[in-house]
Amino acid sequence: MFDTFPADEARKWTADHTPHVWLISACYLGFVLTAPGKIVMKHGLLPQWYYYNGLLQLCLLVAFVPHVTFSLTAGWRDSVCCNHSLYSGALSGTVMFLFVFSKLLDLAETVLIILEGRQPLLIHIFHHIITLLVTWHSYSHHHSLGRWFVFINLFSHVILYSYLSPKKFGIAPCWLFVAFTQVYQLVFCLIICFTAQNYNTAPNLCKKDAPDAFLRRKASHAHTSPQNGAFAILKTDSYSARCGKANHTRFTVFGSCKLFSYLKKLLRH
């Protein structure tokens with residue numbers, strides 16, 4: 001059993017298999033753009049899919065919490081600038097590696113939606129493919145920003161899938177809280193990028209990791225890259241597409257939310 005995760009071997013493996021991911025993405029894109037309405041196989045698997053995929057996200061999140069907590073013991077700057085054992089730790093390294101593969105499951109989710117006879121929005125389709133390609137590419141750089149991106153993404157997905165799944169993971173989030181977490185993860189990621197940029201404006205502030213040049217390049221372009229704005233739109237609309245219809249059929253937007261009802265009562269008093 002590994003005391004540490006074989007990070008270098010995993011990085012090399014993902015880099016070597018990048019062409020395969022592009023091929024899978026191309027096949028996915030061809031299917032989801034041409035199959036809707038032509039290939040229908042009523043399977044009823046989506047509720048179970050949401051449950052087991054959400055359970056996987058929850059397990060990864062729980063396993064990742066100790067590392068994130070440890071990274072904060074040296075301060076916020078270290079948690080942004082330093083890998084520590086992010087990619088080489090037995091638990092954290094496994095989570096980071098499996099997180100990359102979990103993005104392949106998102107492609108399968110869209111396929112299941114189409115086979116169910118539903119028509120996903122184009123932005124939902126491209127959101128999943130962009131996330132996969134960006135995540136797969138970023139893993140080979142082993143930069144420290146991945147720590148917070150992975151953590152907030154896992155957390156928001158646990159909330160989302162707990163909402164969509166017929167079985168809850170000990171929590172029953174309302175629509176308002178789900179919407180908040182989906183939007184907040186975008187804001188949080190921007191905060192991380194701006195933080196990294198700020199730490200790299202002066203010399204020797206954020207130069208403790210080997211892939212620091214990549215970190216500086218990513219952070220310096222975080223506020224100017226048009227892809228970041230487009231990605232935010234894609235994620236927000238993807239959430240709306242998955243949750244909007246369920247919300248109208250199961251309960252009203254705000255009335256069923258206990259948190260919202262509680263806040264409304266406080267305002268009345």
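The backbone N, Cα and C atoms fix where each Cβ goes, glycine too.
Features as listed in TrEMBL:
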- 20-37: transmembrane segment (TRANSMEM)
- 49-70: transmembrane segment (TRANSMEM)
- 90-114: transmembrane segment (TRANSMEM)
- 121-139: transmembrane segment (TRANSMEM)
- 145-164: transmembrane segment (TRANSMEM)
- 176-197: transmembrane segment (TRANSMEM)
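A contact between the transmembrane segment (90-114) and the transmembrane segment (176-197) is absent, since fewer than 3 of their C-beta pairs, 6 or more residues apart, lie under 8 Å. Of the candidate ranges 20-37, 49-70, 145-164, 20-37 has the most C-beta pairs within less than 8 angstroms of the transmembrane segment (121-139). Distant neighbours of the transmembrane segment (20-37): 104, 107, 110-111, 114-115, 117-120, 125, 129, 132-133, 136; these residues of the same chain sit at least 6 beyond its ends, with a Cβ under 8 Å from one of its Cβ atoms.
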